[in-house]
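Asks: Feature annotation from TrEMBL assigns transmembrane segment to 5-21, 33-51, 82-101, 108-127, 153-172, 202-225, 237-264, 276-298. Sequence annotations record features per position, and here TrEMBL assigns domain 'ABC transporter' to 334-581.
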Amino acid sequence: MKKGLLYLLVAVALYFFPWLFPNSYYVHMAQGFLYTYIVVAGLNLLVGLSGQLSLGHAGFYAIGAYVTGLCTVAGMPFLLSLLLGVLLCAAAGGLVAMLSLRAKGPYLAMVTIAFGLLVEIVANRWVEVTGGPAGLYLPEARLFGAPLGTVSYYWFIAVVALIVTVLIDNLFTSRFGRTFRAMGNSEVAAATVGVHVRNWKIMAFAISACTAGLAGALFAFQNAYFNSDTFTFDKSILFLVGVIVGGAGTRLGPLVGTVVIFLLPQWVQSLYDYHLLIFGGILLVSLIALPEGIVGGVERLLKERKKLPPAAGEESSQEADAPSQMDNKAGAALTVDSVVMEFDGFRAVDDINLSISGSEVRGLIGPNGSGKSTTVNMLSGVYVPTQGKLRWKGVDVTNYPPHRMAAAGITRTFQNLQLFHELTVLENVMLGFHMHYRTGFTANLLHTPGFWREEKRYRDESIRLLHFVGLADKADEQAANLSYGQQRLVEIARALATRPDLLILDEPAAGASMFEVDNIVRVIRKVKQSGISILLVEHHMEIVMNVCDTITVLDFGKKIAEGDPAYIQSHPQVIEAYLGGEEVTQLVVGK
Ligand SMILES: Nc1ncnc2c1ncn2[C@@H]1O[C@H](COP(=O)(O)OP(=O)(O)OP(=O)(O)O)[C@@H](O)[C@H]1O
């Protein structure tokens, strides 16, 4: 409701702008501001949320301008041409994303630079079609037959900018926004809750390219003329500066960033020759002094001001029993058959056989470097074994990537915590339900009633899971603000949200306090009761000996023993591996 009122006020202000500034220069400027804002808003989704970098957005801007312009020159109606331009940009965005899929960081940036330069060269050299530097003259933009003069074209752009703002904001606050942000935080963790990272990256690129193309088309018709000189590399940099200075990943950042990149050159017009230097300086200062950008910095300050007292494990809310969605698990079977994992000829895991079935808690122990994490990485699809087979419910899953493992019912937590730090505790757990959401892009873009129903359903289920791990009172806290042990419990709740049949816990007690360790053990026992199989990698022998039904021991990548805790603690090879093994022999406290 509050948001609706805000949009209404903005719409009214935009509507009356030409009356307040009845000068075509200002109206023209306002048009430019709005379409620049549209590019920055779309780029923010890509850079700020999904964590991908583009230094070639001027390329999409150009494609939008040329496709829409050339279509109208060929006699196609303005709106239809605009739609075509935007769709082609989405396709181009998807293509660039596919080409750069394996690239990260600087390499991804290089692919996007190459794309931007390619478009710039084509625009410059393909003179017969684009007009090159001499430019392209367009017919006047018309809406349902009526010509759009300076003011009405401004209103048209204002309506488009408002619609883009509402839709992007809707995405921000839907599972799409959460998924993009999760991917930006940790791709591997996103994959283990079932996110097909590759497809989602392509989608983020396509959406962002769409908005850049839309803005390019709006720019093209501003003067019914444009030339290839506009679509240079520094235009792409400028858009990126807008995102970063405003605050990448914040909802208001694009607006503030556009003010900086658009208005500043107007104010320092006499210094135009130095504009790149000025922007470079602003970017540098922003990255050093305010890495979260203007809006991000202000938000942080506001949060710090009203920060609650630090979270203490002892204050956690009461744990609840297993939520209903965890009941009646069949206890599916995993078979690990002669699995080997080699790194440059070094065998980190050497011919391991293992099987887990029923509601069993299987311990996987061994000294440092014995191959436990490597085994977990193979079982969760992060590594593909060099040799051997993994069978899950009778199906060969050896080559499954993490999102397919999650879909099949195997998920995990991480030794080095992989929470989505920018999301709240509740949002982290909601991400765990990723595979169970049924609403698609349109429902999330438009916030349909179906979207709200589903959002409520998984919010409620996530809160139940937070009760289950005893963290319901931390639901709205930023995940990064929780203590180590609490973050581990959030990871467990997020993993449970995928509704797994096999839960792999990689050192769930590492870094946790005594009180938190007790909580974690209680939660593991309750998860076992619900019928989920558990593979527990843990250095705390007390936990292992008291929680596990069977224990597999690794040493130098090989399995050296397997059996119940009593057998393991008296096994000579295990005792030797643990250098004397008092730890192991004294710790069975009775199950
Ligand atoms: N990606 C990799 N590239 C090269 N070597 C690796 C890689 N991952 C693990 N190793 C090596 O494989 C061996 C087993 O490592 P792993 O992390 O699986 O052991 P671990 O039992 O989990 O140890 P810890 O208890 O310390 O976590 C180690 O010698 C490690 O250096």
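Yeah, the Cβs are placed from backbone N, Cα and C, and that goes for glycine too.
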Asks: Is it true that the transmembrane segment (202-225) and the transmembrane segment (82-101) have 3 or more Cβ pairs under 8 Å, skipping pairs fewer than 6 apart in sequence?
Replies: yes
Asks: Count the CB pairs under 8 A between the transmembrane segment (237-264) and each of 5-21, 33-51, 82-101, 108-127, then give me the winner.
Replies: 33-51
Asks: Quick check: do the transmembrane segment (33-51) and the transmembrane segment (108-127) share at least 3 Cβ pairs under 8 Å, counting only pairs 6+ apart in sequence?
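Replies: Contact criterion not met.
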Asks: Are there at least 3 C-beta pairs under 8 angstroms linking the transmembrane segment (5-21) and the transmembrane segment (153-172), leaving out pairs fewer than 6 apart in sequence?
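Replies: Counting Cβ pairs under 8 Å (6 or more apart in sequence), the transmembrane segment (153-172) reaches the transmembrane segment (5-21), since there are 3 or more.
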Asks: For the transmembrane segment (82-101), find every same-chain residue at least 6 residues outside the stretch whose CB is under 8 Å from a CB in it, and list them.
Replies: 52, 56, 59-60, 63-68, 71, 76, 107-108, 111-112, 115, 198, 201-210, 212-214, 216-217
Asks: Go through the chain and flag residues at least 6 beyond the ends of the transmembrane segment (108-127) whose CB is under 8 A from any CB in it; none is fine as an answer.
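Replies: Distant contacts of the transmembrane segment (108-127): 52-59, 62-63, 66, 96, 99-100, 133-134, 228, 231-233, 236.
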Asks: Report, as numbers and ranges, which residues of the same chain sit near the transmembrane segment (5-21): CB under 8 Å and 6 or more residues beyond its ends.
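Replies: Long-range Cβ neighbours of the transmembrane segment (5-21): 27, 30, 151, 154-155, 158, 161-162, 165-166.
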Asks: Would you mind giving the whole-number mean pLDDT across the domain 'ABC transporter' (334-581)?
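Replies: Summing pLDDT over the domain 'ABC transporter' (334-581) and dividing by its length gives 92.
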